[in-house]
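Participant: I am attaching a structure below and will ask some questions about it afterwards.
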């Protein structure tokens, strides 16, 4: 009798009390208005900040690039600025200038040196950490990553003092071995001095990305390769390297964008080396137009050109990576 009572009581306890006039909750029950709006409230702050600090400035820059300021004398002698529509004249003026093209060529050569050296060293460090002692792995990653945490301006000033002939420790080393002290800030070496700063600061970020990708590879794959007689070098080249190609494409993309937009290092080094001019790289020329000559409209056009170049190179990287991945 007691068992039959419990069996009857089970379904009773499982029943839910539903208030009159309200449909029972379930998978097919429609959400209320408050529940439907909740996701939009959560994403509203991010969308607002994205619009205020990215979309609106981009739109305003595009607007400025199609206008030019005409200065005329006012009624009482005061200068008056009038914006006039000039179409693509500002873009043409930028593209016709030799300073822009020489700076762009220098930025391209800068990228051809910085990107492969940085990615190559980052990959070597990532592979070394992947097979290293686990107790030393965290300390080693931190030491390699620290240069990336140093702001570019501070890193350039620090290296600038080491490059300068009066404060450089390299001068004593060269003198000790009987070699003449090189002028790291002169015409022939200042470019490579800046490349060294960029490589020193960029290895850490790329190493973290690649090491994270290596950490996500199942260890069973390595064990199977070792059972088949593969050496650690062969595992690194034929197993690990192909599996981290997507992460390498990611770091390559950021390297290309960073090369086109290089600014902090040469702009800071300009105060130490007379070999670096105001238009040494494209962004320095844009800064000169905007803040030294007051040509904000032309500077906006130059910024859009640089953005389009970076966007085009990014698409090229993705396209080449896609063709390689599909085997075309």
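The backbone N, Cα and C atoms fix where each Cβ goes, glycine too.
Remember, TrEMBL labels are computer predictions, not curated facts.
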Participant: Under TrEMBL, which of the candidate ranges 277-297, 298-318 is annotated transmembrane segment?
Facilitator: 298-318
Participant: Quick one: sort out which of 37-60, 61-84 is the transmembrane segment according to TrEMBL.
Facilitator: 37-60
Participant: What parts of the chain pack near the transmembrane segment (243-264), using Cβ distances under 8 Å and only residues at least 6 beyond its ends?
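Facilitator: Same-chain contacts beyond the flanks: 107-108, 110-111, 114-115, 118-119, 122-123, 126, 151-153, 156, 198, 202, 205-206, 209-210, 212-214, 217, 281-284, 287, 306, 309-310, 313-314, 317-318, 321, 325.
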Participant: For the transmembrane segment (109-131), find every same-chain residue at least 6 residues outside the stretch whose CB is under 8 Å from a CB in it, and list them.
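Facilitator: Cβ under 8 Å, 6 or more out: 137, 140-141, 144, 191-192, 194-195, 198-199, 202-207, 209-211, 214-215, 232, 236, 240-241, 244, 248, 251-252, 255-256, 258-260, 262, 281.
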